[in-house]
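Engineer: My questions will all concern the structure given below.
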Amino acid sequence: MKHKRQGRPAGLEAPLALVSAAEAFIVHLICAVGLAVSLWVAHNLLFNSLISHPSQTLFLIWVIECPVVILLYSHYRQNRQQSSYLRAVGRGMLTLLAGALVSAFAAIALGAPVGAKYLSSTINWSMMMSLFAVVPAASVFGSSWTDWQRLFACTKPVGTVDYMICLPAHGAIIGSWFGAWPMPLDWERPWQEWPICVSFGAIAGYLIGMVASFGFVLVRGILQHTKSD
């Protein structure tokens, strides 16, 4: 029990289950496969893409990826004695909507176009961003403000599950921000339309964050093993 609590900040009464690097890799791999499947279905079955039909493709992404992310991360919920698996799943679903609302308002405040033409695209992009950025944390930590602040305000992950949540979330947000840079440029390319380039940036950042997460988990495990020897 002492080993599980090591490195956790004060205020966390129940430690998270220990997760190996191999398990973290499998979780990230399943999430990446779910994302790839959604893009494959959009391209090969519906003949859509993020450039030609951004709203429909984004809808397919979050609809297919949503159960994958929520069901996987709910398994690592905190305080298992007080929080059932179904309750963690319910938290993830509710947070998906709340996070999408926040993402939409943030995008509009930062200059995303407003109007009926962009409404569907903005909604589906916001749902995808919520799924990437906040749903895993909600499924695991619920309303624990200490953990949310530690991961998203201070960016101080201390365990495997923390890295699994924190780095992909930051990657999606940073990638979306970088993806928005070409939008105001006068290149007159179709992929500069909202929300195409920001979606590409978010997806790329999310995938890079998962790779970085596994890398940190692997290095952390090696260092801990070295110290124990």
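Using the three backbone atoms N, Cα and C, a Cβ is placed for every residue, glycine included.
These numbers come from a predicted model, not from an experiment.
Sharing the record's features from TrEMBL:
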TRANSMEM  12-37  transmembrane segment
TRANSMEM  57-76  transmembrane segment
TRANSMEM  88-111  transmembrane segment
TRANSMEM  123-142  transmembrane segment
TRANSMEM  163-183  transmembrane segment
TRANSMEM  203-223  transmembrane segment
Engineer: At a C-beta cut-off of under 8 Å, are there same-chain residues at least 6 beyond the transmembrane segment (88-111) that contact it? List them, or none.
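Structural biologist: Sequence-remote neighbours of the transmembrane segment (88-111) are 66, 69-71, 73-74, 77, 122-123, 125-127, 129-131, 133-136, 138-140, 142, 180, 195, 198.
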Engineer: Near the transmembrane segment (163-183), which same-chain residues lie under 8 Å Cβ to Cβ, leaving out any that are not at least 6 residues past its ends?
Structural biologist: 19, 24, 27-28, 73, 76, 110-111, 129, 132-134, 136-137, 140, 151-152, 155, 157, 189, 191-192, 194, 197-210, 212-213, 216-217, 220
Engineer: Under an 8 Å Cβ to Cβ limit, what residues of the same chain, 6 or more beyond the ends of the transmembrane segment (203-223), are close to it?
Structural biologist: 20-21, 24-25, 28, 31-32, 35, 61, 132, 157, 160, 163-164, 166-176, 178-179
